[in-house]
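Participant: Submitted below is the structure of interest, expressed as structure tokens.
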Amino acid sequence: MKTNQDLSTKWKVVIAVLAILAAGLSLWLTIEKLNGSISALAGCGGGSDCANVLGSKWSMVFGVIPVSVFSLILYLGVLASVVMRGELVSWYRQLAAWLVLAAAVWFCVLQIVALESICKYCMTMHAVGFLLAAAILLADFKNRGRFLRQSAALVPCALMLVAALALMQYFGPAPQSHQLEEISLGKVDDEAESSDVHAQGDGRLVKFFDGGKAYRVDALPHIGRPDAEHVLVKYYDYTCDACRGLHENLNGLLEKYPDKICIVLLPAPINQKCNPYLPEGVKDQPMACEFAQLGLAVWQADRTKFAEFHHWLFENNQVPVEAAEAMAASLVGDAEFNWENNPWIQSILKQDAADYKEFAQKTPVMPKLLIKKAVMMQGNTRSAKELEQMLQNQLGIR
């Protein structure tokens, strides 16, 4: 019976070195996920492509196990197979090779097609894994008959196992997609407060961060009753899917608790043109600035039409700017509709971006929901029910 003694010393060294490299990368990714350095927040503008990939639900299994744990176990098994003997060892090593190849193809396609982000660390691990698989298969190919018999049985097994992993990720529970943070801001004096455009105007003034930030509810875009018991402040981008999800969840709560909640709406576009404080590596969202300007212009022109246009923009955030402008003009008329060179709009967006700079120091993702005092929700909840439970715990609404 032939065993892995058929492996030459050269192939043993090559396979061992590549397995150690691949296992090391898997271990690093696992530690980064488990210690919270890489989160699974549902949001936009999170920074680098790696943050988008490693923070997605596809980086976890059952919402709690980093997928890199499975690759770590696989690579350690390959490393052990170099010094072990037996026919089963040969079968395992070749199964591992086909698994690595199938998984590499799956996760590369996932990054390119579904996530539209390429993580260099993930791709490095897949590249090392590809070389490892190639080394194993080349080492085994010298016994062509056994190689073909094993491959005929193991390739379908590898494909089924990777498909099972993908199905577990897709249908399994999603990872926690939001987090609550205590934001620290210093107090501001009366002069600084009066220069903050968010605090200007008449009507109800709500303060957060021990007075470090104030919002004039009646003067700012909002939905819900300005005299509601609780005022939340949402920073968002119309082109962000997670922001749209939070918009839908909050709309349901507004219908259920009309006297309890009012939401101040402040766009912080994911585009350097109007938000220069975005993290390095964030891709500008086309039309983000223009949609934000149009939304603010509708509020300024006719507040009774704002909620309708606000909802329309989220539902149609892929339309050309001209189509959005035409929709806005149809609601408020052309006479007083000025959105491109509007000083008030520019001052609001400038202040929104300055706030984003403060709120994004730890967690850059959008949306951001200021709930009470210094408590801010980063990202979006997995469901409207989860959002309701969180607000019940934080605000005591019933």
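We count from 1, first residue shown onward.
Backbone N, Cα and C atoms are what each Cβ position is placed from, and that goes for glycine too.
Below are the features I grabbed from TrEMBL:
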- 8-140: domain 'Vitamin K epoxide reductase' (DOMAIN)
- 12-31: transmembrane segment (TRANSMEM)
- 61-83: transmembrane segment (TRANSMEM)
- 95-115: transmembrane segment (TRANSMEM)
- 121-139: transmembrane segment (TRANSMEM)
- 151-171: transmembrane segment (TRANSMEM)
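I'd like to know what surrounds each of these features in this structure.
Facilitator: Residues in the domain 'Vitamin K epoxide reductase' (8-140) partition by DSSP class (helix H, G, I; strand E, B; coil) as 100 helix, 5 strand, 28 coil.
Panel annotation: around the transmembrane segment (12-31), residues 38, 54, 66, 68-69, 71-72, 75-76, 78-79, 82, 121-122, 124-125, 128-129, 131-132, 135-136, 139 of the same chain, lying at least six beyond its termini, place a Cβ under 8 Å from a Cβ of the stretch.
Residues 4, 7, 12, 15-16, 19-20, 22-23, 26-27, 29-30, 33-34, 89, 92-93, 96, 99-100, 103, 125, 129, 132, 136, 165, 168-169, 172-176 of the same chain lie 6 or more positions beyond the ends of the transmembrane segment (61-83) yet place their CB under 8 Å from a CB of it.
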